[in-house]
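**Q** This is the structure, below, for whatever I ask next.
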Amino acid sequence: MSNRVHERSMEMDEEGSTKMKMKTKVLELPKKIKKILKNLWKVGKDDPRRVKHALKVGVSLTLVSLLYLMEPLFKGIGNSAIWAVMTVVVVLEFSVGATLCKGLNRGLGTLIAGSLAFFIEFVVNDSGKVFRAIFIGASVFIVGALITYLRFIPYIKKNYDYGMLIFLLTFNLITVSSYRVDTVIKIAHERFYTIAMGVGICLLMSLLVFPIWSGEDLHKSTAAKLQGLSSSIEACVNEYFEEEEKENETSDLSEDTIYNGYKTVLDSKSTDEALAMYASWEPRHTRHCHRYPWKHYVKIGSVLRQFGYTVVALHGCLKTEIQTPRPLRGLFKDPCVRLAGEICKVLSELAASIRNRRHCSPEILSDSLQVALQDLNIAIKSQPKLFLGSDQNGSVSQGNSGRHTTNVSKHINKDTNDAASHQTGTRLDQNTGTPRGERMSRFGPNVSFSRLRADTLERRSAAATSQRKILRQQLSMIVVMTSLEFSEALPFAAFASILVEMVARLDNVIDEVEELGTIACFKEYDNSVDKKDVEVRVEKPSDLVVGIE
């Protein structure tokens, strides 16, 4: 009876827990719905063009569905109208270049495949059934193998892979079906017309209704990457020379600024190549009808990634376990901040140059950058005791090393003498005293002289091992004592060397942007107009301020 009561109580507890879980889920449902709606709103807010593209797809599908919904159109086309719907779903992409690439590949692939299938049907139309089957089989084998092999060619794989796939599919469908179905040619005609209608609707909607150009996206993203690198460098230098550690919220915000600035650059390779390929399909649509060298934008992206690696290394200096003390960093704050400010100034000017499609300022590499480098060099040389690179520090280190070596030698000699006196005393105790017979009786009749000799050698080897341990300890003390004077400055030395490396790599970025301006026929630099584009200033040597209007 008690067992039944216990089982009944357990069942009631389980039912109660189940009800509580269901109640909790029902209460959490509005929060989940609100979170989903918030994410949907964020997607559209980040890029409003996504909403426009979704509306364009909806309108295109509605227009192409009229082939089914309107009776006159359905009678003229028939069931093949479904191919127009499939074409819109597959072909209509986000940008004009992607839509043109897919649409033209699909249209040309279908047209060429249909023409080749019609030619084969014309050749074997009057032949026997066996010869027709053999000829169709051979044609399918040759065309299939050839097209598949051609798809491995990098240029075709990159630009015409979708067209090759559509060609292979359409050719096999028409050629093989024509052996059993007599009306396959008529069906192929209808499908081709409906596919052409779908492609036409896609191209009209993509080109005329809120067009989205891949070339413009690539152009703007290149300028944004330059500005992002500038922001990352600014945030890194400001955080490195902070007098006090930041709070967690402020530190996380700074980390996001630094990380997002160079992450976009490092992850841009595949995106840049895709945008450049789609941009090559787009017609000339700018005011002056310039056809921009999109491949050169990919080259600039590669150079920016090489420059971005130095920003990653600079960010890594903030995360190392061994850090230079903040008072020691303050000795070099002014020259480092001014040097970083000049680098940010150059990057911001390059970003404005690309964004406004104009040449760079003739004074992009001003004397201020060279002065900042010289000031940093002078500041480092003014503290010779912190760095091993100067002769004065070498002599100081040698003097300190000599003093430490003298002290260590004294300790070693003392320890060695103590060990030697201990061993001599042991040997005197063994060799002097009682006669030989008493010594034998003292150790016992079963102990031989060879065993005594082995014990003596073992004691000597133990003494030698202890001397080597003492010597290693003393030598390690020499290394530690001589390195304490400059080890605190080594993390800053790495930080400063990365800033100098940035200046060296900055020349490559400037050269590529200037070459882009020459090839793309950018307008000449106008000082009176372009002063408002970018304002980069250093109000104080210790405060770096980069402002963009």
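Backbone N, Cα and C atoms are what each Cβ position is placed from, and that goes for glycine too.
So TrEMBL says this about it:
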COMPBIAS  391-410  compositional bias 'Polar residues'
COMPBIAS  418-434  compositional bias 'Polar residues'
REGION    391-444  region 'Disordered'
TRANSMEM  82-101  transmembrane segment
TRANSMEM  108-124  transmembrane segment
TRANSMEM  130-150  transmembrane segment
TRANSMEM  162-180  transmembrane segment
TRANSMEM  192-213  transmembrane segment
**Q** When you scan the chain for residues with a C-beta under 8 Å from the transmembrane segment (82-101), skipping those not six or more beyond its ends, what do you find?
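**A** Those are 49-50, 53, 56-57, 60-61, 64-65, 67-68, 159, 162, 191, 194-195, 197-199, 201-203, 205-207, 211-215, 217, 275, 277-282, in sequence order.
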**Q** For the transmembrane segment (130-150), which partner among 108-124, 162-180, 192-213 gives the most CB pairs under 8 Å?
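**A** So the stretch in question is 162-180.
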**Q** Which residues of the same chain, at least 6 past either end of the transmembrane segment (192-213), have a Cβ under 8 Å from a Cβ in it?
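**A** Distal contacts: 49, 52-53, 56, 59-60, 63-64, 67, 77, 80-88, 91-97, 99-100, 103-104, 106-107, 110-111, 114, 279, 282, 285.
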**Q** Which residues of the same chain, at least 6 past either end of the transmembrane segment (108-124), have a Cβ under 8 Å from a Cβ in it?
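**A** Answer is 131-132, 135-136, 139, 143, 162-171, 174-175, 178, 185, 188, 191-192, 195.
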